[in-house]
Amino acid sequence: MERVKNCSCDCNLDAQSILDLAPSPGKSPGTRPEDEAEGKHPQREKWASKLDFLLSVAGGFVGLGNVWRFPYLCYKNGGGAFLIPYFIFLFGGGLPVFFLEVALGQFTSEGGITCWDKISPIFSGIGYASIVIVSLLNIYYIVILAWGLYYLFQCFRPELPWASCNNPWNTANCVEDTHRKNKTIWAAINATNFTSPVTEFWERNVLSISDSIEDVGPIKWELALCLLAVWIICFFCIWKGVKSTGKVVYITATFPFVMLIVLLVRGVTLPGAAEGIKFYLYPNVTRLEDPEVWIDAGTQIFFSYAICLGAMTSLGSYNKYKYNCYRDCLLLGGLNSATSFVSGFAIFSVLGFMAQEQGVDIADVAESGPGLAFIAYPKAVSMMPLPTFWAVLFFIMLLLLGLDSQFVEVEGQITSLVDLYPSFLRKGYHREIFIASVFVLFSFLFVPQGGMYVFQLFDYYAASGVCLLWVAFFECIAVAWVYGADNFYDAIEDMIGYRPNFWMKWCWTTITPLLCVGCFIFSLVKYKPLTYNKIYEYPEWSIGVGWTLALASMTCIPMVMVIKIIQSEGPLIEVCDHVIKVSEFSFIEQNHSTFLSIPFTQDMSLLFLALLTFCSYLNHRYNFIVGTSDQTLNAISPSTSCNFANSFHTS
């Protein structure tokens, strides 16, 4: 690239240093049609077929959260009314960022770290933040699969071990759930002290849970062996890169949908199913006044679409350059949300049946997360005819849903690291062996008797919605404001042959950043310290560890910015000035006729103004910014705002 316009201010800063910090539009070598026409060997392997990519992405982001988190959030946050904030965040944040990441990977033909060097090196911290989040996620997410595998093995006993109280791990307080319908027996029981057999199986047999996080206890070796087994399976799913991943997903990504349909049909035919579905979807519009409802909607979208983890960028990097990723991203987004919605019918129809069998309200049996997968649903299948068959079917579905999400995220992480260190990791299978071995060792943190407390700590902080919102905000800033939304649209048009709907550009420039900032602020304001079962309160030192896990990813972006500036030649003020005033440079890609200009400073002032106004509204509506006076709020007036914006436009 060459500089084609002189800087308006005179300075002694080295031009190459500025170019290193400035955005670098261009396609990755080896992916362009002209490269292929010249017979150049492509630097990157590609998907064998379009279906390989579609199933890999579908398997990567259609996971456990669709089945065990969305239905409960929908019920908890107003039923059908919850779909309003859900779709706002879907079309205003989830789909645009998902498409951005896939298109970015396809355009640059790079993984989740090095792709940002081609957009703007000063924002390469986004890639490092994503790799930290996905690394922490891969360490603890697979423990869920170990629990599921342990349950699956237990299903082949003559009787489901969580269906009765006649087991060595049961206590004197254990009462079988069928007794709750018998009023005579139930009246003689102290209901405040009883525990169900499925709860005791989960806590006393599977976890053998200790009293606190400080009481680590011995390793649960049965779980450790299950954990090792699922890591071995994961390794053989990715050991040949996209060649193996693209074939394994034909089973792992399709079979769960078949099982989900079977469980749905079985669920809706059970007595009490209609009542369960009513509780799932009955709208309560007043719940929309609660900011936590909007926080849940935003974080669920970012979780379920597996964005801000670098995985979608890595999967997109294996596409052919002319692949129509825009069309398929819309189709995949519809598949993801439809799966979440349909899963609610499958889950709540069964919960309605269970509530009727026990003679209790659905609110008493509704669970989310591990509580649904390992307590509520196992309890429900134990009440059905052929309980072993339905239990096996459910846990196989659970394993496959989690397995393809796990190995797709690991594959995306390996792709990012290989692109970062190609000379060391490009050849052989030692990269997969090394990464899997390191992860196995760290995963053993979760199999001692106190491992559940550590698991919740990671789940609550390490890959929290706050971290994902932080990364998504900077992704939009880097692409839409620094690189230029129009420039990125030009690149997409060059790839797919037409320009996407203008809505995507609006989201990248304004809507998504505003949603991220609003949800981010509310998440911090509504923050509640972590508890286990709403009873055990974590000690302060463990909360500090949790925030350290969260900040480990979030601080990557500003740290890399500072490092990039320090490494540049010239006085600090001049470096910063040129980075901010990147609009004063225009670039022409070498050997390419497309002229790329980057309007930045003027448009950035509008975004800053919008964010300032939005934060002012939040403070006025909810009064949560400490130390903000009325005089400060009054200072942010329309006239002041216009003068502020005009000062940028005229400078």
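Each Cβ is built from the backbone N, Cα and C atoms, and glycine gets one as well.
According to TrEMBL, the feature region 'Disordered' maps to 20-43.
Sequence annotations record features per position, and here TrEMBL assigns compositional bias 'Basic and acidic residues' to 32-43.
Marked as transmembrane segment by TrEMBL: 53-71 (among others).
In the three-state DSSP classification, Asn336 (Na(+) binding site) falls within a helix. If you look up TrEMBL, you'll see Gly59, Val62, Asn66, Ser304, Asn336, Leu401, Asp404, Ser405 marked as Na(+) binding site.
According to TrEMBL, the feature transmembrane segment maps to 83-104 (among others).
The transmembrane segment annotation in TrEMBL covers 125-153 (among others).
DSSP assigns Cys165 (disulfide bond) to coil in the three-state reduction, placing it in neither a helix nor a strand. Packing around Cys165 (disulfide bond) is summarised by its Cβ count: 18 other Cβ atoms lie within 10 angstroms of its Cβ, all protein chains included. Residues or ranges marked as disulfide bond in TrEMBL: Cys165-Cys174.
Annotated transmembrane segment per TrEMBL: 221-239 (among others), in sequence order.
Per TrEMBL, transmembrane segment is recorded for 248-273 (among others).
The transmembrane segment annotation in TrEMBL covers 293-318 (among others).
Outside the transmembrane segment (330-355) by six or more residues, the chain places 54, 57-58, 61-62, 66-68, 70-71, 74-75, 86, 90, 94-95, 98-99, 257, 260, 263-264, 267-268, 270-281, 304-305, 361-362, 364-366, 372, 376-377, 379-381, 383-384 with a CB less than 8 A from a CB of the stretch. Taken from TrEMBL, the feature transmembrane segment covers 330-355 (among others).
What TrEMBL records for 384-403 (among others) is transmembrane segment.
The transmembrane segment annotation in TrEMBL covers 433-455 (among others). Nonlocal intrachain contacts for the transmembrane segment (433-455), taken as residues 6+ away from its ends with a CB within less than 8 angstroms of a stretch CB, comprise 138-140, 142-143, 146, 207-210, 212-220, 223-224, 227-228, 231, 234-235, 410, 413-414, 417, 532, 536, 538, 542.
Summarising the annotation, TrEMBL assigns transmembrane segment to 461-485 (among others).
Taken from TrEMBL, the feature transmembrane segment applies to 506-525 (among others).
Annotation source TrEMBL lists transmembrane segment at 545-563 (among others).
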When neighbour density is defined as the number of other C-beta atoms within 10 angstroms of a residue's C-beta, which of the binding-site residues Asn66, Ser304, Asn336, Ser405 has the lowest density?
Ser304
Other C-beta atoms within 10 angstroms of the C-beta of Leu401 (Na(+) binding site) total 31
Could you tell me whether the transmembrane segment (545-563) and the transmembrane segment (125-153) have 3+ CB pairs under 8 A, leaving out pairs under 6 positions apart?
yes
Interface-richest range of 248-273, 506-525, 545-563 toward the transmembrane segment (83-104), CB pairs under 8 Å
506-525
Mark yes when the transmembrane segment (384-403) and the transmembrane segment (53-71) have three or more Cβ pairs under 8 Å (sequence separation 6 or more) and no when they do not.
yes
Cβ within 8 Å of the Na(+) site centroid (Gly59, Val62, Asn66, Ser304, Asn336, Leu401, Asp404, Ser405 excluded): which residues?
Ala58, Gly60, Phe61, Gly63, Leu64, Gly65, Ala253, Pro256, Ala306, Thr339
Going by a 10 angstroms cut-off between Cβ atoms, which of the recorded positions Gly59, Val62, Cys174, Asp404 has the sparsest surroundings?
Cys174
Where does Cys174 (disulfide bond) sit in the DSSP three-state scheme?
strand
